[in-house]
Amino acid sequence: MGKLQSKISFHTTKYRADGSAGQTGPTGGSPQHSPAHSDAVTSVAALKPDLCVSGGRDKTVAVSSWRSGAALRRFIGHEREVTKVTSALDSSRVFSASRDKTVMMWELHGTSGPSQHFPGHDLVVTGLAVSPDASQLCTGSRDNTVCKWDTETGECLGRAAISRNLVTHLCWVPGEPYIIQTSEDKTTRVWDSRELQVAHTFPAKQHIQTCCDVSQDGRYCLSCSSGCAGHGAEATLWDLRQTRGRVCEYRGHFQTTTSCVFLPRSPTLAPSIATSSSDSTVKVWDQDTAGRG
């Protein structure tokens, strides 16, 4: 590995709090850009292969280029911090949730104002999942409810409430009418979006489930846990076809694991996942063996 690394020219950049950039590797002429947000970034999601969308404490939603780092569009409309952002990949629609209890839809090539509102939750909205064709949206909140919406009309198509189901995250299963949801009640649920009913609940964990993700082939889902001092903070792999229990666990973080994602598949690498944590680390794992890369 040392010989391989010695042949690669690395280019690294250190970003300072004021948004300026300083080179820590070979010098280059990469452009510097103003920050997309004026306060902490709270959520980020892929929009298109070369674009991402982010939300922040500054109440704004920004669309930025992966390649250049430049903020291309900025949407303003929420009255409080943006908690979640999402989009159907390759869609021109962006969705954002906020502590103001609302969800908004924005058009990438439209005006700077929202093209649709989705009011109806009684507390902060903490989960967003959009169908692959962007025709339907599911939202979850700390008010213990999950709602389904028609994105064209803004009509609420269904509302389901479960006691103590404080939603932390939602994600749509590719090619299926199912939605994965994590909760502060320590469980991960699978919802059938057609009737907005729980199709399956995985065995409860020992800690709050903070985030979830689904593999691109729709076969597996991930959830991750809160934790402290090395207790908890694991990520768990579940099989969506054989919903009897966990397939694998990934342990190594010392504080709450805040996010977990399946990494894009590569023909030359084993399937991998990544986790981030309040312990200031990001870890990459072999999906099958739980070995760290």
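Keep in mind that glycine also has a Cβ here, set from the backbone N, Cα and C atoms.
No curator has checked TrEMBL annotations; they are predicted automatically.
Taken from TrEMBL, the feature compositional bias 'Polar residues' covers 21-35.
As annotated by TrEMBL, region 'Disordered' applies to 14-40.
The average pLDDT for the repeat 'WD' (75-108) in the predicted structure is 92. Among the features that TrEMBL reports, repeat 'WD' is placed at 75-108 (among others).
Marked as repeat 'WD' by TrEMBL: 118-159 (among others).
In terms of DSSP helix, strand and coil, the repeat 'WD' (167-201) has 0 helix, 22 strand, 13 coil. What TrEMBL lists as repeat 'WD' is 167-201 (among others).
With a threshold of 8 Å between CB atoms, the same-chain residues lying at least 6 positions outside the repeat 'WD' (250-286) that come near it are 210-216, 220, 222-230, 232-237, 292-293. Taken from TrEMBL, the feature repeat 'WD' covers 250-286 (among others).
Secondary structure of the repeat 'WD' (75-108) per DSSP, as helix, strand and coil residue counts: 0 helix, 18 strand, 16 coil. Under DSSP, residues within the repeat 'WD' (250-286) fall into helix, strand and coil as 0 helix, 19 strand, 18 coil.
Assigned with DSSP, the residues of the repeat 'WD' (118-159) fall into helix, strand and coil as follows: 0 helix, 23 strand, 19 coil.
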